[in-house]
Structures are given as structure tokens and as C-alpha cells.
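Novice: Sharing a structure below in C-alpha cells format, with a few things to ask.
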Amino acid sequence: MLSYQHAYHAGNFADVHKHLTLYAVTDYLLRKKSSITYIDTHAGRGLYPLATKETQRLQEYREGVAPLWQVRQQLSDPLLGKWMASLESAQPQSTVLSHYPGSPWWLAQRLREQDSLRLFELHPGEHEHLSGQALPKQARRVYGDGLLGLKQLLPVATPRLCVLIDPSYERKVEYQEVVDAAAYNLEKARHAVVMIWYPLLPAGHHDTLLSGLEASGIRKIWHSELLLRASAEGTHGMYGSGMVVINPPWGLDEQLSAAMAQVAPLLGSDSHYRAKWLVGE
Ligand code: SAM
């Protein structure tokens, strides 16, 4: 029984980290004309009006995207500037932050004629919301299990493949399931760019994911983390956001470091960003 609903967390610091990374990756992929299949294994609703009662309950966007939005005119980093301009284009009134877009939106708005997008969502209510979104014809929504769906789609017909795996990790076993899915993916499509989001929680379950990936035989695994606190000590909830990128585009590390140098100070005095290779070439 799935209970997680992303609307309670839309626009939080983890979304900023995840979607900025996703944006930087797609930016790079779009430099070449050859077609791309995008697969979003855990899509969510696609677009989150911030005024809903779910999002208003925790108002996590106030400590995520909102501080960035407030200073958007002063942000000098080029990646952040472009990302903010896209975010502005998602607003019915461009000067008011009233909606936060989820991964289906970030991917769909950059689809070209030659590209395609598959969006998987297993929660019936969340899938219904997703079905209500206007999406380009190259995007297909599937009501079903994302990791199974990914497996069934491989290998894809396009020369390039970009995958986002962003589970809710309601079940601990998902950390291992993600490792297995990534290993299968890379076996079938060696050059795929695969992104995996993970939470940093005091229980440290993400160690299973990182050590599993390290032992999987996959090469070129890079990861970055945006942390709200210096350590997990004394914290109860999520204190950081992690993003694995397998086969990261050239220059991603530098681009994100520069952008995050402007993002992290806006999230609090202890907030910081770090990135490194988990497995090299
Ligand atoms: N990727 C979205 C974004 O960035 O806007 C957020 C996704 S949210 C963290 C995780 C979503 O995965 C939830 O909507 C949940 O219902 C869905 N989900 C959970 N298990 C799933 C599964 N096995 N297959 C597909 N979707 C699943």
C-alpha cells in the first residue's frame, strides 16, 4: 500500500538539488541532435500548485525553492539563471511563485520532436493527477511499476537514453532494488545516463544503495549531496539530499558546484554541498 505523496514536500531543498541536476544533465544532452529516450520511473503528479492543503501542511518549499526565487534577479550563475527562467515559465503569473513543477514537467518542457518520454507512476491517485497534466505527444504515462517498466523497455530504440529513478523508499528493500535496476540498465544500455535520487536520513539506509552500486561493476558513478546540517547527529528527519549520476556528462561536476555555491548559503548557515566519484572510469 503506497502512502507517500510528493505534494507534501514539493519544492523542498531536495527537489531543488534533484531538478537542478536533472536540468544540467538534459542541458548537456540537448547539445546533440540524436534522439533521446527519457524514462522517469517514479513520476509523481507532474506539477504542484503550492496552495493545496497537502503542500501547505509542511510548506517545505519555504526552505527550498522560495529563498532562491526571492533573489532570482541577483543570481549570477548561468545554470541557476536558466533554471529559474524555466521555473518562471511554469507560473501562470510569471512574477508569483504559485506552482512547483515535478520531474515530468522538467523533462517534458525540453522534449524535441525526435525524443520520447515514459512516465511511470504506481499510486492510483498520483497517476490520476499526472493524467490531468497537458503533456506533449512524445510523452506517455504508464500506470505501473517503474523499475519493472524500465526493465521491459530496455534496450530502447533511440541512440541515447536518460533515466531518472526517484523512489519514495517507503520500503527499505527499495535501496537494493534500485541497485539491481541500475545494473540491469547499464548492462543493456552501457552509455545511458542514469540518475538516482536518495535521502540522507539518520538511519543511513542510503549506504546500502551506495555500497551496492560500488560493488555492482558499473563504472563512472558520480554522486553529489546537498546537506542542511553538518551531520545526522540530533536530527530526526531528512538532513540531506543525494543524487547519483552514472555516466555523468562532461563538466557536470563544475557546473553544479558553481550553482550550488549560490544555492547552499540560501538554505541556512550549516548548509553545504559536496560531490565526488564513487567509481571512476
Ligand atoms: N520524481 C518526482 C519529481 O521529481 O517530481 C517525485 C517522485 S516521488 C519522490 C515518488 C513517486 O513514486 C510517488 O509519486 C509514488 O507514488 C511513486 N511510486 C512509488 N512506488 C512506485 C513504483 N514501484 N513504481 C512507480 N512509481 C512508484
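Note: Cβ is positioned from N, Cα and C throughout, glycine not excepted.
Predicted automatically and left uncurated, TrEMBL annotations should be read as such.
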Novice: Among Glu60, Glu88, Glu121, Glu128, find me the residue TrEMBL lists at the same S-adenosyl-L-methionine site as His19, His42, Ser103, Asp145, Gly146, Asp166.
Specialist: Glu121
Novice: Determine the Cβ neighbour count for Ser103 (S-adenosyl-L-methionine binding site): the number of other Cβ atoms within 10 Å of its Cβ.
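Specialist: By my count, 24.
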Novice: Counting other Cβ atoms within 10 Å, pick out the least crowded of the recorded positions Glu121, Asp145, Asp166.
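Specialist: Comparing Cβ neighbour counts within 10 Å for the recorded positions Glu121, Asp145, Asp166 gives Asp145.
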